[in-house]
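Structure first, commentary second.
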Amino acid sequence: MTKLFPDGLSFSGYNTPSRIECDIYDLEVEGDVPPDLNGRWYRSGPDPQYPPYLGDDIYVNGDGMISMFNFENGHVDFKMRYIQTERWKAERAARRSLYGKYRNPWTDKPEVAGKSRGTANTAPIWHAGRLLVLKEDHVPMAVDPDTLATLGDFTWNGQLKSKTVTAHPKIDPVTGELLLFSYECEGDGSSPMCFLIEDKSGNLVKEEWFDPPYVGMVHDFAITTDYVIFPIFPTTMDPERLKAGGDHWKWDGSLPSWVGIMPRAGSTTDIRWFKVPTSCGFHVINGFNEGTIVHLDMMISKRNGFPYIGDIAGSAADPQDGVPYPTRWSFDMTSNAVDGGFSSKSLAPYGGELPLIDPRCVGRDYRYAYISMVDPERRILMAGPTYMGANMIGKIDLTTGEVQTYHGTDETSFQEGAFIPRGPGEDEGWYINIADRHDQNRSDLLIFDARAISEGPLATARLPIRLRSAFHTTWVPGV
Ligand code: V55
Ligand code: FE
């Protein structure tokens, strides 16, 4: 029989595994869902099927769960399903866990040796009429957008050579292309990276491999109209450590960070690597270029903020150093300096994560960013992968520097939101997010006018269940 999950922070409180697959038709709504808000909101996150046989595990290693809110003429329906990966199926059949540590195949049970370890737990993406679910250590998995049934590994009919694809590709809103990259392209413990393009019709038209300065976690990247930006931070991997059963990642604060910038008109052999101060970044806000001046807007911290990523030198970390702040890094492509004339500027005085923008502004100069923030003056609840739930939604106006905020109750944390365009203006639309109601062990879907977030939601759709923290989401407009 299945024993209890361990009581560590990845498995308790709001992070308790849910393991619920369900359909809820017509959620109860407080207020009015705008009748012209039609489409689907997909969310991906981890939700472990079985307790880890090694006794404990980390939040990011859970089995992929996908959920969908269907918005239709003022109604909201909800659906949630596991992604049926090879790993999920093998453990389902065995009725227990068979896979060991996060991204370390040398810790698995012998019966799954050589089997796929993908969890498909990080990000849904909609492009060229396909819904793919992504996890950076594996190829994408295709999912039926109506039923959420798993369709299987997606490799562009076997054309993809890389064994991995990022969870953070970018859709160029003007060309309609999907730009992607991969790292540890030959699988866990390998070093090459690659750059990929899927054209607007869904064909894989580019796969160019290259070597990064060192093997670090490359969680996200940025595009501009003329450049592609690959930031590399020193959360490092060591293949010998993996073979000895150790952790995939260790923070190595002795290394600098590097930013690779490639002209889109060129190839990966044209990447220029700029050396910048030691720092850590997970999520990109946006990128854009003004001629040969290239801007990278990103959530940047002094060191890796994940509590379960250890320090290679064994040094104790100040938790404040792990808090990411919205930051603009600028480079001059005409500079011959080793740092590309690097400059850094703070975009807001609040820490947070899971930044997002109007999808029509990807790669272009833009004005607004929405971030799930942590207000240190308020109660911080334990939720999600860093165990620090966001307690404030912030909308930054990059023109004025003003930050519009919304706080929930002292029993509420927030997840990743989404911006839904309605009219031509950059913030003309809706902002949606999930409110975790810790006192009620359930969640709400909040719908805001994106211009007036501080006024509170226009409508709240109530869920009778708790939605474990997802990572990323995608909005697919309806008709
Ligand atoms: C992150 C999430 C991951 C992962 C590596 O957001 C980094 C950080 C959900 O999986 O595998
Ligand atoms: Fe991410």
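Numbers run from 1 along the shown chain.
Every residue, even glycine, has its Cβ placed from backbone N, Cα and C.
TrEMBL entries are annotated by machine, without manual review.
Features as listed in TrEMBL:
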BINDING   His168, His219, His283, His472  Fe cation binding site
Secondary structure at His283 (Fe cation binding site), reduced by DSSP to three states: strand
Cβ under 6 Å from ligand 1: qualifying binding-site residues of His168, His219, His283, His472: His219
Secondary structure at His168 (Fe cation binding site), reduced by DSSP to three states: coil
Per DSSP, three-state class assigned to His472 (Fe cation binding site): strand
Most Cβ neighbours inside 10 Å, all chains, among the binding-site residues His219, His472: His472
Cβ within 8 Å of the mean position of the Cβ atoms of His168, His219, His283, His472: remaining residues of the chain near Fe cation: Thr122, Ala123, Thr166, Ala167, Asp220, Phe282, Val284, Phe471
